[in-house]
Number of protein chains: 2
Amino acid sequence: MSETLKIGVAGLGTVGVGTLQLIEKHYELIAQRCGRPVLVTAVSARDRRKDRGLDLSAVRWFEDATAMAADPDIDVVIELIGGADGPAKEIVEAALSNGKHVITANKAMIAHHGTELAQRAEQAGVALACEAAVCGGIPIIKTLREGLAGNAINGIYGILNGTSNFILSSMRDTGREFGEVLAEAQKLGYAEADPGFDIDGVDAAHKLAILTALAYNCEVDFDGVHVEGIRDVTSLDIAFADELGYRIKLLGIARLTNGGVEQRVHPCMVRKDAPIANVEGVYNAVVADGDFVGSLLTEGEGAGAGPTASAVVADLIDIARGVRLPTFAVPASVLDRRPSRAMAEHWGGYYLRLMCVDQSGVIADITAVLRDEDISVESMVQRGRGPAGEAVPIVITTHETTEAGMTRALDRIAALDTVLESPRLIRIEPL
Amino acid sequence: MSETLKIGVAGLGTVGVGTLQLIEKHYELIAQRCGRPVLVTAVSARDRRKDRGLDLSAVRWFEDATAMAADPDIDVVIELIGGADGPAKEIVEAALSNGKHVITANKAMIAHHGTELAQRAEQAGVALACEAAVCGGIPIIKTLREGLAGNAINGIYGILNGTSNFILSSMRDTGREFGEVLAEAQKLGYAEADPGFDIDGVDAAHKLAILTALAYNCEVDFDGVHVEGIRDVTSLDIAFADELGYRIKLLGIARLTNGGVEQRVHPCMVRKDAPIANVEGVYNAVVADGDFVGSLLTEGEGAGAGPTASAVVADLIDIARGVRLPTFAVPASVLDRRPSRAMAEHWGGYYLRLMCVDQSGVIADITAVLRDEDISVESMVQRGRGPAGEAVPIVITTHETTEAGMTRALDRIAALDTVLESPRLIRIEPL
């Protein structure tokens, strides 16, 4: 058996502790599967005295993670600190420039600096691996980089954020509104005190940008992702979706179009019988559509100590086995720099919900605007009258049209005197 | 860019043609992803004159595939002939002993001779890869060997045979009986003229034996798989399953138990809301349950030219990239030789359907037998009386018990005068 692979772990939060526990529990198993032992020999975290339920007596403690990243007796640095910039990035850069392999679960850092860091890793002749950065335990990076490597990818989409999916699932199950369900999710520990990254779509967009780079062998382009979250989804829209045969899911979608790769994260209407529609709660799922393989769905736990540690250690085992593959499937130097397609060029169907004065002529005004923009109505639902003077919902679904035309139409509709609230728009995805 | 990887393909059936088409169509893509070109330079098949819709003018043709396997100008042999023994095995052995990497889609050969062939490959220092042998386009071998390599696998189960799943799905959708639906599946090309391998569970058992070896790092033990097919599933059982909240699926299941690894393929009752229950038609799906990752489901097309070619080429790209991993995740020399647990020791719940004379005392007799074997009844369904003298179905579900006890009980129940047909037994899986 060849020599021990020595690991330094930076960051001992939930995932860091889970990773140490996994490596300790499966020491024999991992050694057998790698043909060599894998050992955590150093760690670095903020507070040495904190009780983490781990025996760290045999492990070197570094106050300064950057010093650990330079230590000659460490082969691999696992970065589990988080944050796009700051200490995480400094440590990763230090480790790479010291010729150490790097494993990270840091989606923000890879989404913002992935191309540059991959270049550094390749210059240093080491691996930069980030399976744990996307969808926790689902080995979607390996699947795209290797398992589907014989395919041109037509599209990839998924439920990339478990918190948002839990909230949408709960809203549908209970009929309650967003704010109430978010508060409950926070109590249960499924949502952070500051939930913005999750519910505003940013976390999903980080993951999508990484998946896009892998699927299309292009530079990571986080700024090219169109991002909308779920704050504006109401129980009324969920009920209408149900009536129309849809469920509302926050999806990340990357698709090759004539105008480039389209990257977008937003609430979607998906048919109830689509497999992705039935992924509930905190689960994540990704569907990759390849030109030979067809449609491949993978569903699993997208976060948490165990699943994320599983992904970290999968990268570690690859490194211990001598597998060296570029971060984004092809060398960073040959990654395409193709501009993401602007959202205005998006082509698709739409669900619109308008709250209108209940009087004659309202629908004529609205449909005239749609006609002017050449938008064809697929269905319209108008409810019986409510109490006098109260706004009534009008729901319209459209055939496929351009986002630009829809935006113009909605501006004009919103300006009508008979339309009382901001129109709500949810895109319909034919998955 | 380094030198061209030269491929010889043995067997030009559907999958062979699909593989050649993929490698030709994605020549540039594959070269970019591998850092070197990959080229089919030789083929071998029975009939040279047959029109396969391929231009083979630039490719060397071998009448004798074994000669191709010895040709010094070939780096990788792709075996797509099929059959556990005979020409396929000869070619693979020849290729390995000539120091060539081998890729195969041949599940029967790997199920029967996998351990021995893996040893030969390792002695020769080459790769033996068989992603395409299990579930077509689903990269489940890579997922077990690499993506989940940090986990101890508690269990793995799946819909491993699309033909059987198509037939069971169709029976449920149409209410028709097995024979009629099989004939239709044969007409549609979803079932072979000789359907035994598919509908008798053999094909699924081949795949399960391979997955078991990967999940538990043990020698391939096809003979240790308990195999039952779907010929005895009736529309009546499907209707009762529906009433009880179940669907009937042909599953392959491998599970670590106190008595060793249990390997079994048989029709199962699974809860309607289990994700695997909703995998319909010709789709395959595999669920792996790891101690850190939790439950991971992958669903995709399990057969056909495109998906299978995708898997073959994934192995090819691994080889071209220099990835060399043991066939069953650890070197063949350290594969465990653990006996599969005997089916008599299986512990689980059961669905029983009996066709009985409609007279008093029948249920008392049956439940007395179950009591004697310490089998606890969970539910019982007895339908209102039919025409006089006609057998009426009695359906019993049991709490968990041993297979041995259930077998003894069923023998005694079958011998009762009031029980008119062979009892039907379907195991209930709490997935």
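Cβ from N, Cα, C; glycine included.
TrEMBL does not curate its annotations; it predicts them automatically.
As given in TrEMBL:
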{"type": "BINDING", "residues": "B:Lys107", "note": "NADPH binding site"}
{"type": "BINDING", "residues": "B:Glu192", "note": "L-homoserine binding site"}
{"type": "ACT_SITE", "residues": "B:Lys207", "note": "active site, proton donor"}
{"type": "DOMAIN", "residues": "B:351-427", "note": "domain 'ACT'"}
Where the residue listed as 'L-homoserine binding site' sits in the secondary structure, as DSSP reduces it to three classes: coil
Across the domain 'ACT' (B:351-427), average pLDDT on the 0 to 100 scale: 93
Distance [Cα-Cα, Å, rounded] between B:Lys207 (active site, proton donor) and B:Glu192 (L-homoserine binding site): 18
B:Glu192 (L-homoserine binding site) to the residue listed as 'NADPH binding site' - Cα separation in whole Å: 17
List of residues, in chain order, with Cβ under 8 A from that of B:Lys107 (NADPH binding site) and at least 6 apart: B:Cys130, B:Ala133, B:Val134, B:Asp203, B:His206, B:Lys207, B:Ile210
Where B:Lys107 (NADPH binding site) sits in the secondary structure, as DSSP reduces it to three classes: helix
Cβ-Cβ neighbours of B:Glu192 (L-homoserine binding site) (radius 10 Å): 14
Number of helical, extended and coil residues in the domain 'ACT' (B:351-427), per DSSP: 23 helix, 26 strand, 28 coil
